[in-house]
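Positions annotated as domain 'OBG-type G' by TrEMBL: 1-255. Marked as ATP binding site by TrEMBL: ASN10, VAL11, GLY12, LYS13, SER14, THR15. The annotation domain 'TGS' is assigned in TrEMBL to 277-360.
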Amino acid sequence: MQIGIVGLPNVGKSTLFNAITKAGAECANYPFCTIEPNVGTVAVPDHRLNELAAMVNPAKIIPATVEFVDIAGLVRGASKGEGLGNKFLSHIREVEAIAHVVRCFEDPDIVHVEGNIDPIRDVETINLELILADLEVIERRLEKAKKMSKSGDKQYILETEIIERIKNQLEAEKPVRSMEFSDDEKVFVRQLQLLTYKPVIYVANVSEDDLLEENQYVKRLKEYAQKENSEVIVICAKIEAELADLPDDEKEEFLKELGLSEPGLNKLIRTGYRILGLINYFTAGPKEVHAWTIKKGTKAPEAAGKIHSDFEKGFIRAEVIGYNDLISAGSPAAAKEKGLMRLEGKDYVVQDGDVIVFRFNV
Ligand code: GDP
């Protein structure tokens, strides 16, 4: 699961990305972490892992992770191939969600490519490039769908209708993600791989002084985001970079001084996780406490398959204790005694926080 970081030049993308890479450095110990220059892997902060670890004293704690991809180079005119335009657009096509960094800090020493600070103009500049790139895709698809629907094929007639609706939206310079679709339509729209259908988090990069109180730029950005049902997260990239450099105890101290309860990065990671529709279930034993990532709605066998494909193939049942039940009981054995452990079959939809032991045939 990857989240792409986009934004105009000089808005703080690299600063934020560096903070992400540093925060994720410890993660390089995990075998599944790939190291690429423009990809940063971070652990998804989840206090439940620590609580579970306190209960079972595992040798290892393995958190869920999210990858951030630094997609620099988007500028006005990118969809026309300006700058390295199209190359960057194709990188965005590969990510599941977008973190759009918006400059909401004033600093006369740092040049703004457009001359002054104006978050809405900046957001619209980037969004327009994505809209234009989508329009190109849609026009090609429309031509094909129209041709195919001449034979009276219902599927293509339906597709033509959806594509035309999307085209109208894009021509009005609006993103596809703010359109309403039925569940069936969603399946089709998803496979069009449109850039403006991907969920977005707007990351308002403010100065240190504006972290606690919304400045006028953030207020305007929030109004804008609300119209398309997107979220805004307020951070100070510079502070995030400084935080990432500190040892844990000093980090706490620094956060307290700033009046913050946690790094902005944590909020960004969690929000990213949520808008991707991801949840965690846990396995907890003496070897490790492990958070496993699944999409909301995943059934038990497929969830088991995240651990090993044999678990899915040979799935018999899942022994499930809800996280809160386990914590209140104090141990898996106590939870069992109290009848808080459930035996679930192959149709069980795994819930966020389930602590599971899978039984399977080999
Ligand atoms: P990018 O081009 O979007 O990757 O932007 P950079 O991360 O390179 O940042 C551009 C400049 O803005 C650098 O000199 C950063 O130090 C500075 N910068 C980034 N975030 C902040 C911030 O929150 N406050 C201030 N004052 N400067 C920042």
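Using N, Cα and C of the backbone, Cβ positions are placed for all residues, glycine too.
Sequence features, as recorded in TrEMBL, placed on the structure.
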{"residue": "ASN10", "record": "ATP binding site", "Cβ within 10 Å": "14"}
{"residue": "VAL11", "record": "ATP binding site", "Cβ within 10 Å": "26"}
{"residue": "GLY12", "record": "ATP binding site", "Cβ within 10 Å": "25"}
{"residue": "LYS13", "record": "ATP binding site", "Cβ within 10 Å": "25"}
{"residue": "SER14", "record": "ATP binding site", "Cβ within 10 Å": "16"}
{"residue": "THR15", "record": "ATP binding site", "Cβ within 10 Å": "18"}
Compute the centroid of the Cβ atoms of ASN10, VAL11, GLY12, LYS13, SER14, THR15, then list the same-chain residues not in that set whose Cβ lies within 8 Å of it, in sequence order, for the ATP site.
GLY7, PRO9, LEU16, VAL101, ARG103, ASN205, ALA237
Per DSSP, what is the residue tally for the domain 'TGS' (277-360) in helix, strand and coil?
24 helix, 33 strand, 27 coil
